[in-house]
Every structure is written in structure tokens, then in C-alpha cells.
Amino acid sequence: MDRYGVFGNPIGHSKSPQIHALFAAQTGQALSYEPLLAPLDDFPAFARDFFREGRGANVTVPFKEQAYRMADELTERARRAGAVNTLKKLEDGRLLGDNTDGAGLVADLLNAGVTLSGRRILLLGAGGAVRGVLEPLLAHRPAALVIANRTASRAEQLVQEFAELGPLSASGFAELAEPVDLIVNGTSASLGGELPPLADSLIVAGRTFCYDMMYSAEPTPFCRWAAALGATTRDGLGMLVEQAAEAFELWRGVRPDTAPVLAELRRQLG
């Protein structure tokens with residue numbers, strides 16, 4: 001049976017094994033998928049050991065940059081992202097590194113009926129999560145995409161790097177005031193029960209769509225703030241399922257149906 005897994009530390013909380021088990025059952029693929037607690041001080045050796053038999057793996061924090069460096073070949077979107085969340089062993093034994101995060105976000109937004117083309121998008125944060133989704137968002141040709149970060153210089157850096165891909169600009173949080181069509185929260189503020197300092201004027205009730213890359217059983221602080229102002233909101237559980245489907249297709253050549261898997265995970269979250 002073909003062996004797959006997910007590298008992380010910690011890894012006990014990961015929903016990836018359940019997601020891929022549901023995908024495998026649905027598509028009739030014979031495979032195993034396990035959580036892999038990798039050591040913080042020697043990820044490459046641990047990963048190479050797994051790939052003596054393993055066919056592919058997902059990579060989560062804190063190993064995405066190390067996976068990027070150890071891949072023998074990179075997809076264009078992984079190269080742009082500077083991080084790898086999916087590894088595939090090729091026929092010749094080399095490792096292909098991919099990044100499916102941005103494709104997962106875009107797929108979930110489209111599933112929710114969000115139009116990206118010609119829209120004004122605000123992306124909060126300037127870390128790895130934001131870097132990973134910039135290219136796929138810009139591929140849909142928004143009218144404008146603003147990267148906002150507490151430290152505006154980090155947002156500026158990303159704008160310079162990705163400038164040729166579309167209409168990008170950078171901002172600090174305090175300078176934001178103009179209403180937008182879509183806000184994507186790529187900060188980890190929700191994990192700490194916090195909210196970036198945002199002006200209520202960014203949201204137009206009934207028009208602005210607000211998406212948090214984080215998810216939890218209860219609405220995140222960001223989603224609560226947005227909903228109170230009349231925005232439509234969605235958390236990142238669908239992104240998790242969609243990026244997993246993208247990885248599954250890379251490994252197995254078959255695209256699973258994500259809707260029933262997302263519904264099952266949502267039911268379990270309560």
C-alpha cells in the first residue's frame with residue numbers, strides 16, 4: 001500500500017490524515033496517510049528516511065521553508081511562495097516540491113461564490129501564509145490588491161517581489177479606510193483571540209466578503225467583527241480541504257469531491 005503522511009511539530013492536531021482517508025475512500029485509492037512528528041533539529045534526515053518508502057507528504061509548520069530547500073525540483077508556484085507544503089517522490093527518486101495553499105484559498109473562495117476578477121482585495125499580513133496565496137489571487141486579475149501589515153515595510157517587500165504579477169500596493173493597518181470587496185485575513189491573530197486594528201469603514205454591508213485563513217468551532221474574532229458590520233464571512237476550513245485535494249490530485253492523478261469532506265469536518269467541529 002502506498003504510504004503518505006504529514007510532517008509537522010506539533011502534529012497531533014492535524015486534520016490532514018482524516019481528510020486524506022476520506023479522499024481515498026471516496027476515490028477508491030489504496031493508500032495509508034499518517035501524522036509524522038518530525039524533530040525540530042533534523043527535519044531533512046527525518047524526511048529523507050520517510051521517502052525511502054513514502055510516495056508523498058504534506059508539510060506544515062514549522063518545516064515549509066526547510067522542505068522548500070530540500071526539494072530537488074520546484075513547481076513555479078512553490079518557487080514564488082518560497083515554501084513547500086507538498087512533496088512528491090518522482091519516478092527517478094527525486095523530490096518535487098509544490099505549494100497548494102494559494103490554490104486551496106482561491107478554490108474555496110470560488111466555491112463560496114466570490115468573484116475575484118475586477119475586485120478590490122485587501123490581504124492582511126505579510127508572512128508565509130500571505131506570500132503563498134499572492135500569485136493565485138493575482139492570476140484572477142483583481143482591480144487592486146493591497147497588502148497590509150503592522151510593519152508596513154514587510155508588506156512593501158512583498159509588493160516589490162510580486163509587482164510584475166498585478167496591481168499591488170502596500171499599507172500599514174492604520175492607513176486603511178477605503179471600502180473593499182474582499183478582505184482575507186492571513187495573520188495568525190485569530191489563534192490568540194485577537195483582531196488586527198481595522199477601520200469599520202473597510203466593510204460595505206451586504207457587499208464585502210471577509211475570509212479568515214484560520215478556523216475554529218466558534219466564529220473567529222475577525223469573522224465576528226466582519227459579520228457585525230454586515231459582511232458575509234467564511235473561515236479557513238474549506239481552504240484546508242481544498243489545498244489537500246490539490247495535493248491528492250498531484251499524488252494520485254484523481255480529483256476528489258471536496259464538498260462532502262468539508263461538510264463532515266464542519267459537522268465534527270460542531
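Quick reminder: no glycine exception, Cβ is built from N, Cα and C everywhere.
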Glu76, Gly125, Ala126, Gly127, Gly128, Ala129, Asn149, Arg150, Thr151, Ala152, Ser153, Arg154, Met213 bind NADP(+) per Swiss-Prot; candidate in Gly54, Gly192, Gly236 listed for that same site: Gly236
One of Thr60, Thr187, Thr233 listed by Swiss-Prot as binding shikimate at the site of Ser14, Lys15, Ser16, Asn85, Asp101, Tyr215: Thr60
Subset of binding-site residues (Ala126, Gly128, Asn149, Thr151, Ser153, Met213) lying within 10 A of Asn85 (shikimate binding site), CA to CA, in sequence order: none
Binding-site residues listed as Ser14, Ser16, Asn149, Ser153, least Cβ neighbours within 10 Å: Ser153
Recorded positions listed as Lys15, Lys64, least Cβ neighbours within 10 Å: Lys15
Distance [Cα-Cα, Å, rounded] between Ser14 (shikimate binding site) and Glu76 (NADP(+) binding site): 27
